[in-house]
Amino acid sequence: MMKLVLIFSLLAFASSLCFASDPSPLQDICVAIKDPKSAVFVNGKFCKDPNLARAEDFFYSGLQKPGNTSNPLGSKVTAVNVDQIPGLNTLGISLARIDYAPYGLNPPHTHPRATEILVVVEGELYVGFVTSNQLENKLFTKYLKKGDVFVFPEGLIHFQLNIGKTNAVAFAGLSSQNPGVITIANSLFGSNPPINYNVLTKAFQVDKKVVDKLQAQFWWDNN
Ligand SMILES: *[C@@H]1O[C@H](CO)[C@@H](O)[C@H](O)[C@H]1NC(C)=O
């Protein structure tokens, strides 16, 4: 009996470690509010007095519209997170629509606070993520067609490439009200001010010429 209790408490502890994401909400609702007057502070953003919450606080309209993919990447992410739906505050979830022109790319990036689950609703995508150094940077990839679903684990670098001659559309659920986006190339070669070339030449094992060229480039943000 004691052994069983011990096993269960270990399992509970392990699962609390494994499934950690945004903190669980400690109340039914916590609608984000900009004006702190008559607000209650919980975490992340101020909460509106729950008695003043309205259906509109939990509503967004516009994801039927394709994002504008006329840019160097040929892709556009339309995020619906706590900034668009204040009612998502403290709930640990959000959504995105991603549009891809033919051969458009959502370039390698990570979400520091969220796992992503993506469903293709139009077109065909080549997608993948890379595990951390501990798991020897193993690449997991898949070709997805309409109706296919793929998961990008929290924090790992991932990408999607439209491999078809037609537009592609995907929707993604993310396990944070504010997943964050770090686009790898933009962070490393497009930072402001630029990272010292001694750092980048050694990190990427290339000449200064290569680093100069990459840093001179304009790094489009498709978010
Ligand atoms: C899409 O973006 C391009 C480049 O920024 C712009 O020239 C064009 O007007 C935009 N198209 C629409 C429909 O907004």
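Cβ atoms here come from the backbone N, Cα and C positions, even for glycine.
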Going by TrEMBL, the cysteine from Cys18, Cys30 that pairs with Cys47 in a disulfide is Cys30
Chain-mates of Asn106, His111, Glu116 with C-beta within 8 Å of site centroid, oxalate: Val77, Ala96, His109, Thr110, Ala114, Leu118, Phe152, His158, Ala172, Leu174, Pro179, Val181
According to DSSP, Asn106 (oxalate binding site) sits in strand
Which three-state DSSP class does Cys30 (disulfide bond) fall into? coil
Residues satisfying Cβ distance under 8 Å from His111 (oxalate binding site), sequence separation of at least 6: Phe152, Glu154, Gly155, Leu174, Ser176, Pro179, Gly180, Val181, Ile182
Cβ neighbours of Cys30 (disulfide bond) where a neighbour is any other Cβ within 10 Å: 26
